[in-house]
Each structure stands twice: as structure tokens, then as C-alpha cells.
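Worksheet: one structure, shown below.
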Amino acid sequence: MNFTKQPASLKYLSSMKLITSQDQDFFNFGEVSREFILEQAYVNGYDFHMLHQDMNCIGFVLSIFDEDARDEYEYKDLNCEYHENLFDAVVDSEFDKIWPHLVLKYITYYPCSLNWRGMPTIPIVYVSKHFWYELYRTGFLNKLYHCGSWTDILLLLSGDVETNPGPVETYKDLCRRKNIRKRKSRIREEIKMQQHIDKIIGQENEEYKIINVNMQGIFSFNEEKEIIKSTAWKFNSTLDKTNSIIDNLIPQLEETLAGFRKTYSKCESKIFGTISVVDVCVDLISALLQVSFAKPAMKIASLAVEVFRLIKKYVSNININIDKIKELLSYGKVALNNNNPIIHVTMQSNSPILEVLLQPNIIVSAIFIALSVVFHKKFTYKKLGIEAMIKRLGDLGRAAKGCSDLNVVLNQAITNHMLEHFGKNVLGLKQEDELKVLVEGYRNWCDEVRDLVGHKINSDGELDSKSIVENIMKDVYEIQRIENMYKKGLEISRNIAELKLPTKLTISFNTHMRYLTEVFKSVDTSGAFGNKPRTQPIVIWLFGESGRGKSGMTWPLAIDLNNSLLDNVDEMRNFSKNIYMRNVEQEFWDNYQGQNIVCXDDFGQMRDSSSNPNPEFMELIRTANIAPYPLHMAHLEDKRKTKFTSKVIIMTSNVFEQDVNSLTFPDAFRRRVDLCAEVKNKDEFTKMCWSKSAGKMVQRLDKGKVKKITGDIHSTVPYIVDLIDPESGEVYKTGLEYEEFLDMCLEKTSQCRDDSAKLNDFLMDYAEKRANRSREIDEVCARTMDEAFVDAYDDVIDVNMQIETVDEMELIEPNKLREMIEQCSNKIVYTYEGIAVKITSLAFKLATLNYEEQWEQIKEMKYYVKVSSGVNYLKRVLSQGMKVCEEWMKEMINYVKEHPWMTVSLILGTLIGILTVVGFWKWLCSGDKKKNPIKRHFINTGNVLILPDRELNTFWKNQESLDLRDMYINRVEEHIISLLKLQHKVVLVPKVTKYILTTVENHAKISDKIILITRNRYLNYQGKFVELICGEINQFFIDPETLDTNVEAFASADLKTFVQRKPIVIEGPEFVEAQTSGDQITLRKQTQKVIEAFASSDAITMARKTPKFVESDDVVEVSMQMWKDQVAQKLITNRVLTNLYKICLVKENGDMVPLLNGLFVRSNIMLAPGHLVGFLSDSDTIEIRNLFDVVFRVPWKDVKKVDVVNAFGESKEAVLLCFPKFVCQHTDLVKHFQDSESMSKFKRCEVTLPVLRYSDKMNRFLATLIECDKVEAYDRPYTLNDSSKGQYILRQGLEYTMPTTNGDCGAPLVINETQVIRKIAGIHVAGDARGKAYAESISQKDLIRAFSKIDVSMQIQLDLDQTLNFNQQQXIIPPNAEFGPEDLDFCDLPSLKMIPVGRLSEPLFEPGKTDIRPSLVYGKISEIKTKPAILRNVIVDGKIVNIKHKNLKKCAMDTPYVSKEMTEEAFQLVKSVWLKGMRNELKKVLTYEEAICGNDSSEFISAINRSSSPGFPWIRDRIKGTKGKQGWFGAEGEYILDEDVFEAVKTRIQNAKNGVRTPVMWVDTLKDERRPIEKVDQLKTRVFSNGPMDFSITFRMYYLGFIAHLMENRITNEVSIGTNVYSQDWNKTVRKLKTMGPKVIAGDFSTFDGSLNVCIMEKFADLANEFYDDGSENALIRHVLLMDVYNSTHICGDSVYMMTHSQPSGNPATTPLNCFINSMGLRMVFELCSKKYSALNGTKCYVMKDFSKHVSIVSYGDDNVINFSDEVSEWFNMETITEAFEKLGFTYTDELKGKNGEVPKWRTIEDVQYLKRKFRYDSKRKVWEAPLCMDTILEMPNWCRGSLDIQEGTKVNCENAIMELSMHEEYVFDKWSKVISKAYQKATGDCLDISTYNGYAQERFLNYYL
């Protein structure tokens, strides 16, 4: 059995792509495509079945596997034993001869097990799709299918050892050789096949214009060159094969072309007559060449000459109006643009660019080459090599096909479209087929009308409709039939109007329509005529969660209900004609024609308010009523006659609760609903999906399961319905199937129709009965004689005379008579004399005759039927009308056939098409431009600002306003002078007239500036007709109802700015410039698509068109020496420069090579040029560094790469780099990227490119702002080509001129235009030596599209814009000049390696005076060794020293990256220790009340401290006279739960669910404490940070249970939190530290805050989530909360900055988090020490898992004590631990700093200190004591806090000092207790309340040991 292992052919790969597809995907192809595939891949249908179905044989099943479900660990642990891993060997042996042998063994050794039926299971052998196809190709599947014994065929294929003793590889050898099985999957195979196919096809693509570029990154390509050299020999065989193919291909091509010419010449004369197409093509090409080669000034004249020459030659008999041609020759000044040279540039970006230039000369040359080959059998090429030959053949093939396609398209365009338009609109013609269909439908309709009314039309043509109406009104379905008939008549009427038929053709229709309308008016209950109450429609409301398939259920339900209203199957199939989809955003009911069903999808999505009501609610009330409802139509002729007549209204929405604010009685909306149903899905048809809005997994309809289970692409089976009362919300029926729900809908629909019909009957009867009700009052009056005489006529009876018409006799045709006789009906026919004869009697007489005799007699019979004269009248009308119509059709068709237009159109087709391409017709037909009004956002007169009125803009409500909009304009002009007051700042009028403007402007001169708002947007101003268009003013407001500025785009100039500030330099009387440019003056115009939350949602606003370019009418020109757009500068300095990093490659020797720039756009996700990915390998390490010296070094393999693609899935020259959380989070920039609306706003603009460049002079990176005043956007693809780096496609981007250089790629392109709100247009990707540069356009949607591929926990958002003041004036950064962080003044950064954010509007108050003071015994006990720390800035050597900045610098350190593998291994080991002893009572999220007040679940879940600071911003609202949080939670006693804090907590939690950080500002505060005198003199004051109380409460809710668990299991879990040093906890600690022997060390970390490693810290949230195990939603919340700890934002003075790694001391998890770092770090250090020692000495290497066998630790924060065994003490001791910690970035030192500078490798327990206490064993009481250091004890009495009474404070400290002395030896207690007592007695004259040595010991025993 020979298998093919060489690379597969392209044909095989192409067919394999389809063979390996799903069955349903295969059948989605067209019929022709499927036949071609089957022909290429299969022999017959039997083989197709074989390739797509499992092969069942005796004893086993052969099947195809899609994807291996095993994980990587199962692949690594491979066991080479038959029984355990034979299956893997079978799979690995594909395409090997041993495969059948292994299959046989696998079946033999397969363990026999029984299924649930007790039958033995059959082994399944899986093969890959490619090997399955190979088995099919070799005939194995066919043999297997027909074999009787599978053992025989397998032995035959594998080769019997006796008959074929050749060497066979053993199973174990194969298994060892292939020890890890390759994973295969459908996706991988399809991708590889598609890549191969794309590569082959790509070689045949048209050659684009190539721009040679140099990538602006610095890369090395030596390795790539070597690879190319080593693989070049592989192309030899390919070239040989190609030569042989070409030898066969060229003769075949020539033969094909010869056949084409022969065939074409035969049909040419028949198609084109005497005209030669070859001559036409040659003339056209000659004409174009003449024009192309003409001088620029003569191009138009040359074109005119060639056009006249062609017209004279081919169409000389046609008269042509040449006025435009004369105008062309006289005034044309613009020639065809033929000046499009190829540009040779040097790309300055790291990607090549491709540009397609459609130049006329290139087009003409291509056509000439193609035609020369096709018609003249010439093949022009130069000997450019075999590769060029192949490419040329591909070009010629496509060119030939392109000529054919062009001919087809042009002819179709002329004959099918242009002729049709000309005939219809000019000649009044119509296509024959369409006319036939129209006439046939018209005839059928006339027959129906005649059957209805024909027998009731009298001889005068009057219709007696009363009896007809009486019969119809008895049947509801008959009423519906009449209504459908009437609708059909309206449709025919519209067709007649569209066809513009002559009057003679419409007489018959109008006659029938008149009678039908008369009947329909009488029976109408739909309300179409508005003459009576209409049929009340049934209102069905479907609601349910998103993804339930409500819209999918709407269509079947609408069709079922529509079918109930129809009786014609054809009408039912054309269901879309009777279903109308209503969109309330469209103001008009366009195309509404009385459809039976109206659907309102996504009902109630628009927000409803009294000021901006949602029209859906009022519309529903109107449509669901019985009163006639005229609809708002766009066309005037439709307004008067279009009324709502639908029978069913179906609404769908996501929620049941609708917030209705615009109705005075909101229940009126719900009362209109007849059936309200919640749509759900059956479980078997659903799947679980992640909902970002809900922040959790939700159940949604799985369309794949629906198709799989039901077999249909759509079904109603998955739906179940719960019925809900729409008013009360009560559920009254549940679990209804669709059919049950449909029955209720049908019943309700029928009931509504019956009730409406009965109501009309009642009203008519009621009107008749009450006719004389008004005259009853006359009965009380006396009657006169004359009245009595008149009453004598009361006996006269009023009757309706029934006019009897004479019926006419109509002869029955023989065929009709035979049909009547065969049916043997009871009908009566008449002889000529009028004698009645029954059909049954005729049938009886003819029954005995044979068929031929019967037919002969029937043909001789003459019988008649009586027909009403009205019926005959209508028949004659119809006959005459049809006759006229047929004659008219014949005339029209003959006219078209005989008209020479067909011949002319073939000639003109090609000419018109080419002239269209070059834009000739657009120029020729252009006339004078329509005079449109000048569009402006505003008009500024200097004192008055005129704005258009918008309901969304209600800012004026906050000003003193005068609203005159509801007054008539003449009344406004009459009273405005008297109504205007000095306090009025805003005036609202219906229209601005010259008088009103003059009056308001005069008033403004004496008061202040006034905003004039007009409802009418058109006005005349200074002789110009102006239209005011709405600008996006609310883009600058957080809430449209307020004037609070929205700093999203850093705008500082709002309406307040206009009112309060005075104008500066003005160059024109119309314009005023505010002090910054981001005001409402230069806002972009409202666009059609409303995306932003503050954009208008009304239909009128949405309908406005967006201009393609920024219009300059609203630009304010001023004389200021500053940036054109201050907003752009602030965006760059405040945001872009903090997020912009230089990406560098780290060499093996540690040197760095700068590559390019990267911009963090969200969290730790960076946007970079796409070509970066191709030049880095997984073994590389990169370093990123920003302007502020923030540095991160990360392995490239740990960075996730996500391509940025456009809406069509095409990759852009950009990539998102998702860094590990080790890289700090950055502020969100996504909102500053352009959106689709802003992209369409500009074609040319001014831009700035901020770049980072290395300065050799300064030896660091500096920033430079490069400017360009002209940037052009393009939307065609460019290929960026770099000779050394390859090609990259730039699909959409920008081109500009800038002095860019290598390394500038990746810098963001910022638009420096005030009109553009979204400033970032893209990233720079290339440049050339001439200064041309190119940028890839990146929009918000591009980024969001890429974010969908990244886990939500990796894209946590942080937006600090709304919390800071960006309106402060900043120093101007000059362009093209280097600058560093010291040149930026928007933030006073404490140190480099921190990230600046901005400034607060005003700094926070901080006390600068200490609260510590000397006590009464100060200096009388011992020498003073401490003093209060410095709390304010000081002057040293004439310079001011900022104490905070000085002490915060220790946090500004770089930390190393810890590998994921090491971190994960340490985490798993720590988890097993920390999570011991869990209690379910603690594994829950605390409530808001429990987080504040505590609960009884644990003693460690205590109440919050009400005396500590509430944090920012709460500190600003602190109630005077209260301390800390007491103003919100009460001062003492029971806690008060404040509502404002509760709302803040809820908001924080909700944001965290959505992956958004609510800003937490940690306030840096100098700690008021005593420190050693030498440290105070060195200005070392510790800084602590407190956070907002709503964050602390939220953090306690989600973490406090876990922290309580740690405290309950203290010491045994390595954590000392909660340890009581006076209790048995100290004994327990000693036992823990002596577990591994006597050797211990105690150390602490220097600058611990600066060395914190985020790689370790972020795992703390994972550990807490493991403890709670309460779902992904809460897990995400904990990650978001913890990120505010290790990537914290701080306030220092008035400046706000971010730390790259942090641990604010005020967070509730400070100590547990530090303990976690200790436990994780020591395990990593253990492995590092072991590896180093093993490598040096060749000894056994211990792994991290051995840590718990040899080491025992306890830690409290950054303080720890380590006990280790003798076995590891040689390489795991104080010395080696210190060295290993340095690799992790920590500085670990001996706790006692060593004596004489020497640090021992280990100590004993008695020699170390922990928590500033020693370990002393009391031999008398057999316990371990924890004596405090003597220096600390003796220093305590010297100081006290200012809040206490000085004497009381001294006494308390002295007593505490003596109590601490009792834990030392007794002699120490006796000595110093006396000294302290005497000093206090001498100072105060009082005695201390103290106990004896034994007394204190007894007290500790009673309190803590019992």
C-alpha cells in the first residue's frame, strides 16, 4: 500500500478545503459550484457518501477526527506500552506502511467493555482528514467497505511477515521516535490550505505601484539572509516543472484564442450587423491615445475632434445636440489628468506600501496588449526569465477575461438599464414580459370585481350595493376578502401611475374600481376612509433577554397571523407584502400600504423624557385605537389618503419595565397591549455566553443546535412563552409552546374583528333608532291646524324602489356546456325561446352515447344563460380596454424592435463606459451649482451669539432666559423691547428677523452678552442667506441638563466661557475666539449616525447629512502666538506622552537597540506597527521605556499579539500587544481615537507627531513634536516595500510630509484642528528620504474589534479625565525641539519612574505641625533617642526640600520580570498552605452593612474605624466638628448607614463588574510619628496613603472574609496577622520556628515599597478567588479592586500621579498582601539557591516543592523569621537568600544588621527579633515570653500625644512601659520599674498604678491562657 507523503498539489488542497468542510457548508455552494467540486474530487455520488460518513466494518469503525480533546500534559507523559498508548501510535503512523499493522493490533488489544444495553462496545479508529482522503484515493475505503473479514485486508495492506519478510518498524521504536503526537484540528488544516492557495493566487495578482521604503525600525537581517541562501536550492525542481508546464500551456492558449476568433467572427455579423467590433475597438483606442498624447492645453479639443470623428463614422444619421460640445471647446480648461508618474521613495516606516494608480496611459496600454493577443495573435514579451513569463501569462489571462466582462457589463448597462430608463421616462415604453404579467393580474382582478357587483348594476349604470353589503356583513372573512380586493386595486392604480399609461387604457380600470370602492366604503371596518370606527388591531408584546430570538420568533408569528387574514396561497407566500417593519426613527411611514401586520422591533429603546419624548408610546396609543388614524407621509399626495388599517401590531423589546415619562397617564400605553409574553428558550436549544453588559454568563439561543435538532435553519420549536398581565406584571400562564401561544393570538385576532364588525352594526342601528331623538321635545308643544294637516301624511310609507333590470341571454360555448354536463350540476339553462332546461336532463339523455357521439351532439346544442346587464356591461368594458391595451403593446414592441437604438447602443456602450471612467460625463453635464445657504454652527455679532434650537441642548435652563418660541413672530417684534430685562442671558425666539436681532444686540450692549436661540434655522445676516446647523455642544458636558464640563476632549470653552469672557483680537466682525479652541464654535456638525451618549436621538437630527470635509466657515482666525488647537497640545502632553514608549530589543550582553514606538491605548494593551511582530522571535526580550524613565523588561513570548483588522477582516499595519500585568495600567485613550464620523470630516488637515528619540548629548530619551500643515487621507491600498524587510499593505491611511527618521514608527498622529474632537488619527508606519511619510488609520471601532479577542480581565479601563482640572494654562511646547519631563508643568512629579496624570483644581489641606509632645518625665528616665518626624518642607543650604518628594523617591524603582512558570508554581504551593481550615461562613461577599458594622461570623470581621480619614474626595465634604468618618457613620453608639456612601459603593461595584476602575485617589500624607534622631536629621519621614472610604468598604465586602480566614488560621499558615504576643500565640510561633531544627534567620526588606513586584502581587486576587469560588463576575471585581492597590493613583499636594508598582499603606489588605509576597518570594528564592548550588557543585537539585520539607516560616508584613533544616543550610542561609532576593528585585538584610559588620549565616531562636520582640523562655512557668526591646520601652514614657491630658498621658505611658518590663527577667523589671516610678512621682507628686512582677505574669495567664 503506497501512501503519498510529498507536498499536495493545489488542486488537491482546493478540493480538500471543501471535502473537510461541514456538510451544510458544502451545500451552501451554488449548484454549478457543487457539480464542479464533485467532478474534481469524486467519481460518483457513492464516493461522496464514502468521504463524508464513518466507515462501519466488522469489528471496528473507521472515522475522521476533528479536534483532539486531550491537553498538553497528556501529550508529554507518553508511555510506550501497547495497552496504554497504542492509540497514539496508530494516529502517529499515518502515511506509514506500519499503520494497518498497528490498527490490527489496536483492535486486538482493545479492552472489551459493555454499553448501557449490555452489548460489547466497538473500537473506533480515528484518522485525519488528509489521510482519510489518501485511503480513499488508494482504494482502501472501497475494499474495506466490501470486505468480509477486516483482518484479511489489514494483513494484506500491512504485509504478512511470512510472505513479505521485509523490515517493519516496531511499535516501540515508532513510539520513541514520535514521543509527542502532533495536534491536528479542522481550523489548523483549513488555515494551512488557505494560506497555500492564497500564496499561489497572490502570485497572479495585478502588479501594484511599488513605493520603496526603509522601515523606521532598527533590525538585523543577517540570520534571514542565511536562511534564504540555505533554501534557494529548493526552487530548482519547481522551475523545471514550470518550464514543462509552459511548453504545454502556450500551444493550448494559442488554440483557445484561435477558436475564440473563429466563433466571434461567425456571430459578429449577426449581432452587430455591418459594424465591425474590431474596428470600433481600434478606433476607440486610437482616440484615447490621441487624447493621451496631446498637449495639456489641447486635450479637450483633441477629445472633441475624436468624438465628432466617431459620431460621423458610425452614427451619422442621428441628430445630436452639440451645444455642450461647443461650450466644451470654448470654455473647457481642465484636461484629463494624465500626469500620474510613478513615485520612487524610501519608506521611513517599518512596512512597505502598495498604491494602485489607474492612469489613462496604463489602461490604454493594457487594453492594447490584450486586444493584440486576442485579435491579432501576437504575444509581445521580452525574455525576462521563467518567473516573468509565468506572471505575464497570468496577466494576459485576466486581461482577456476582463475584456469579455467589460463588454458584457457595458452592453447590459446600455441595453438593460439605459434603454429601459430612456424608454420608460422619455418614450413612455415598458418591457413586454412585465406588461404581460401586469395585464394578466389586471384581468383576474376585473373578473373578481365583476363576480361581486355585476348582477347589481342597473341599465343606467347605478350600483345597488345595499343587498350586497347585507350579505357581506354577515361574514367576517368575506369582509377581509373585499378589503384584500380593494388593496389589489390600489396596487394596480400605483402601477398605472408608474407606467404613465395613456387615458384610453385606464377607462376600464376606473370603471371597475368605482364600483368596488362603493361596496368597500359600506363594509369597511379598517378605517381606510375614516368614515367609521376601524377594526381594533390586536397588540402583541414580546419581551425577553437579548439573544433569546425574539426577532426570529416575530417573523413566523407575523406570517401565521397574516395567513389567517388571507385565502390565497400565492398571497401567503408573498408574505413580505403584508408585513410592515416600523422604525420610529423614520419620521414618515414610508411605503406603508395598509399591510395586515406591523412589527416594531426593539420597542422602547429610545430614552423617554418629558422634554424629549419617545414617539413610540404615543404612536402605539394611536394605532391601537379604533379611531381613524391618518399617518404622517413624506409625499403630499399620500398625506390625505393614508390611514392606519393594519390588523395586528407586534412589538419586541428586551425589558418589561418601560420608563414612560412623556405621557400624563403612563398606564395608557400598557392598557393597549392585548397579549404580553416573555420569550424564553428550551434548555436543549441554548448555549452559555458571556455578557459584557451583564458581566456574567447568560443563556442564549444556539442556532446551530436548532438546525441540528430540528433539521431546519429556523424553527418555532425552541420557543416557550410566559404570559404576563401588561398592567400588573403578574404571570398568569407559563410554559406555553409556540403553537399554543399562536392559538391564543388567532383567537384574539378573530375576536377583535368580530367585535369591530358588531360595533359598526350597533352604531348604524343606533343612529337609525335615534334619528328622531332631537324632535321629541316638540311633542310637548301645542300643534296648530296646519301642523295637524301636515301630520296627515304620516301614513305614507317610505320605501326603496327595487328596480328590476332585464337579463340578457348569453350563448354557452360547447366546451363550457360539456363541462357543465360532465359535472351533472343542477344549474338551469335556457333555449333561445326562453324555455328552462336542467343540465341533469341533458346529461341523462347523453349518458348512453359514447364520448365522440356525445361531443358531436353537444357542439350542435344551442343553450343560453341569463346574465345581468351589469355583468355584460363590465365584460364589454374590460374587453374594449384589453383590446386597446393589446394594440398599444404591439405598437410599443414594434417601435422598439424597429428603432435603430439597439444598433446605436452597442456602438455607444464602450465609448460611454470609457468616458465615464475618465469623468467626462460628470464634467460635461455639470451646470451651475445650486445656490445653497451658507451653513454655520453659529453667528457671532460681537455681543450676540445666535444658535439653532435643539431639544437636547437645555443648558439655557440654568441661565436667566426669556422664552418667546411659542409666540407669533409679529407679537415677538411688538413686545420684545418691554420683555427684555437686564438679567436675561438667553433669549429664545421662533425666528430671527432683522428687527429682533437689532433689538437684542442693542440690549446686549448695555447689559452683557446674550445667546439668541432660534427655532427657524434660516436667516439673512449681512446680505447672506445663512442656515444654522446643530453642533455637538453637549460633547463638552457630562450631563446635557447641566453646564458641568466634560473633559473627555479637554475642552475648556463652553457657554460659560462665552458669557463671562471678553473677546480677544478680532480680524473679522463675525468671529470671536475664546481663550481656547475647544468651544462650541468649532465643534463638528451633527452626523447621521448617533454614537456618542450625548448625541441627539431625534429623527430630524439623525436625518442630517454629514459633510465630507471640514468647512471653514466656522473657523475663528485670531492673532495668538500659540498652538492652533490647545486641546491637541494638552492631549499630547497630558496623555499621549505618558502612554508613549520606545520599544527596544535587549541583546545578550544587556545592550539595547531602540526599534520603534508603541502607544498604550487601554490598560496594559499597546498599539504598535504590525511589522514589529515579524522581526522578533520568542527567544527575544524587549524593554519598553517612556519619557519619564518608566521601564519594563518582558520576554517577547509572554506578550500576546492581536492583529488590528478593518470591518472586512483585512489586517491593518497595526497590532495590539497585550503585556502581562507586570506592566502597569495606563489611562484609557480609546475615546480620543477617531470614529467613523470624524474620519469623514477631514480630507486635509494639520497634524502633530510626538516621537521619542534617543539623545546622545543627554544620554536618555527625549520627546519631539513634529508638525505638518497638510495631511491627505486616502482609502485605497498602498504596498509599503522595503528592500531589506519585505512588503506590507497599508489599506487606509494618511500621507504627509515630515522629517521622520528610523525609529519613529508607531508614534501617534494627532490632529491639530479645532473642528475635530477625536484627535488621534492613526500611527506612523513609514517614511521616505524626500520627507514623505505614511500613517495607518486607526479608529475606535478598529480597537474595539481587536479588544473582543482579549480577555476582559486584561483590558480593565481607567479614565481619570473627569477627576482632574485640564483647563489650567500650560507652557507652550515648541515644535521640532527636544524636551524632557522637566519641561512639562502639568504635574509636579515626585520622581522619575512615576507616571504624571495632572493637577487638582485646588490642593488639599495638610497639617504641618506634629501632635507629639514631650511628657512630664521627658529625659528623666534614659537618654532621648527619638524625636518627631518633620512634617513640612525645609530649607537646606538655601534650597527648599520637599519632604514628600524626597521620601517618595524610594518607591521609584524598576523591578525585574518574574517568569509565569515560576510564579504559577509558587502560587500553587502557597495556595495549599494558605487555604487550610476554610469555613463556609466566611466564604461570602459581605453586605454593605456588614462591611461597616462587622458581623458575628468571626471576631476578626470587626467594624470600620470611624475616626480615620474618609479619604478623597470625601474629605472636602467633612462636617465641621466631626472627626474622620463620623459625619457619615455617627460619632459613637450604633453606626449610621449613609445613603451617599452606599450609592458610591454600588457605582464602584457596578463599574468593576464591567471591567472599569472607578478612580481611587490615595492621598500621600507625612506620618506623624517618632523616629530615631539620626533618621529625622536625614529628613527621613515616612509617607502613608489613605484612600476613599467607599473603596475601603467595597474592598472589605469582597476581601474581609478571606482576611479573617487568614487570621483565624494564623501561624500554621505562615501568617502572623492576628497574633497576640501575650498569649499562647507566641509559644505556637516558637514551635513553628523550631520545626526544622535550631537554625533560624530574621531579616527585613530595605525599601520594600519600591521593590514590590506586580508579578507576585496580582496573584493575591487569584488566591482570594480560589477561597471564595463564587463565579467569574466577583472574580473580576476583586481583580479590579486589587489593581487600585498595586497600580495606585496618588495625590501629592495638588498633583496627581501613578505608581507602576505600589502598596498604599491605607488599604485594608496591606499586611496580608505583604505576607503573601514573603511566602511567594521565599519559595522562589529556595529554587534559585538550589539551582545555583547544584550547578556549581554538581549535587542534587531541589525543586520548589521541597520547600515545605526543609523550611518553616512566619511573616507579618515585610517582617519574617525563617527556620531551615541542616540538609539545606549549606546553600539556603542568610547569605544565599540575600543574593537570590536581589534577582527578584528585593533588598533583604539581617534584622540586627550584624555585629561588627559581620552577618552570620544563621542564628538561634533566642538571638533573633520578630515584631521588635525577642524570644525568651521562662523556665519557671514553662512558657515563651515576647519581651519588647529595652530601647523602645524606655523611650515610651518620654512622649505623649497632644489629645490627652499631659499628666494622664504621661501616667498611661509609664504604666505601659512597666507592664512591658514584666516580660523581661525579674531583675530588669525591678531596676527600671523603680526608676520610672520615681521619675513620675517626682514630676507629678502622684504614684503609678502598677503591679508586681508575678502579678503581671498572673494577669497574662488569666487573660490569655485560660
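Quick reminder: no glycine exception, Cβ is built from N, Cα and C everywhere.
Given the structure is predicted, the values throughout are model-derived calculations rather than measurements.
In three-state terms derived from DSSP, ARG548 (ATP binding site) belongs to neither a helical nor a strand segment and is classed as coil. Annotation comment: Swiss-Prot describes GLY544, GLU545, SER546, GLY547, ARG548, GLY549, LYS550, SER551 as ATP binding site, evidence class sequence analysis.
Marked as domain 'Peptidase C3' by Swiss-Prot: 1126-1343.
Here Swiss-Prot flags HIS1171 (among others) as active site, for picornain 3C-like protease activity, drawing on sequence analysis. In the three-state DSSP classification, HIS1171 (active site, for picornain 3C-like protease activity) falls within a helix.
A simple way to gauge crowding: the CB of GLU1213 (active site, for picornain 3C-like protease activity) has 32 other CB atoms within 10 angstroms, across all the protein chains here. The active site, for picornain 3C-like protease activity annotation in Swiss-Prot covers GLU1213 (among others).
Annotated active site, for picornain 3C-like protease activity per Swiss-Prot: CYS1305 (among others), in sequence order, evidence recorded as sequence analysis. Within 10 Å of the C-beta of CYS1305 (active site, for picornain 3C-like protease activity) we count 34 further C-beta atoms, all protein chains included.
As a summary of secondary structure, the domain 'RdRp catalytic' (1638-1772) carries 67 helix, 27 strand, 41 coil according to DSSP. Residues or ranges marked as domain 'RdRp catalytic' in Swiss-Prot: 1638-1772.
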Discussion item. If I take the Cα of ARG548 (ATP binding site) as reference, which of the active-site residues HIS1171, GLU1213, CYS1305 has the closest Cα?
Written reply: GLU1213
Discussion item. Looking only at the domain 'RdRp catalytic' (1638-1772), what is the model's average confidence as pLDDT?
Written reply: 92
Worksheet item: Which of the active-site residues HIS1171, GLU1213, CYS1305 has its Cα closest in space to the Cα of GLU545 (ATP binding site)?
Response: GLU1213
Worksheet entry | Close in space, distant in sequence - GLY549 (ATP binding site), Cβ under 8 Å, 6 or more apart | VAL679, ASN681, LEU701, PRO718, TYR719
Discussion item. When you rank HIS1171, GLU1213, CYS1305 by Cα distance to GLY544 (ATP binding site), which of the active-site residues ends up on top as the closest?
Written reply: GLU1213
Discussion item. Take the mean position of the Cβ atoms of GLY544, GLU545, SER546, GLY547, ARG548, GLY549, LYS550, SER551, the recorded ATP site. Which other residues of that chain put their Cβ within 8 Å of it?
Written reply: ASN654, VAL679, ARG700, LEU701
Worksheet item: Say you check the Cα of CYS1305 (active site, for picornain 3C-like protease activity) against those of the recorded positions SER546, GLY547, LYS550, GLU1213; which is nearest?
Response: GLU1213
Worksheet entry | Cα-to-Cα gap, SER546 (ATP binding site) vs HIS1171 (active site, for picornain 3C-like protease activity), nearest whole Å | 39
Practice prompt. Rank the binding-site residues GLY544, GLY547 by the number of other Cβ atoms within 10 Å of each Cβ and report the first-ranked residue.
Written response: GLY544
Worksheet, complete the sentence: Students should find that the Cα atoms of LYS550 (ATP binding site) and HIS1171 (active site, for picornain 3C-like protease activity) sit apart, in Å rounded to an integer, by 45
Worksheet, complete the sentence: Nearest to GLU1213 (active site, for picornain 3C-like protease activity) by C-alpha distance, among the recorded positions GLY547, SER551, HIS1171, is HIS1171
Worksheet entry | Chain-internal residues, separated by at least six, CB under 8 A from SER551 (ATP binding site) | ASP601, THR652
Worksheet, complete the sentence: One should report the C-alpha separation between GLY547 (ATP binding site) and HIS1171 (active site, for picornain 3C-like protease activity), rounded to whole angstrom, as 39
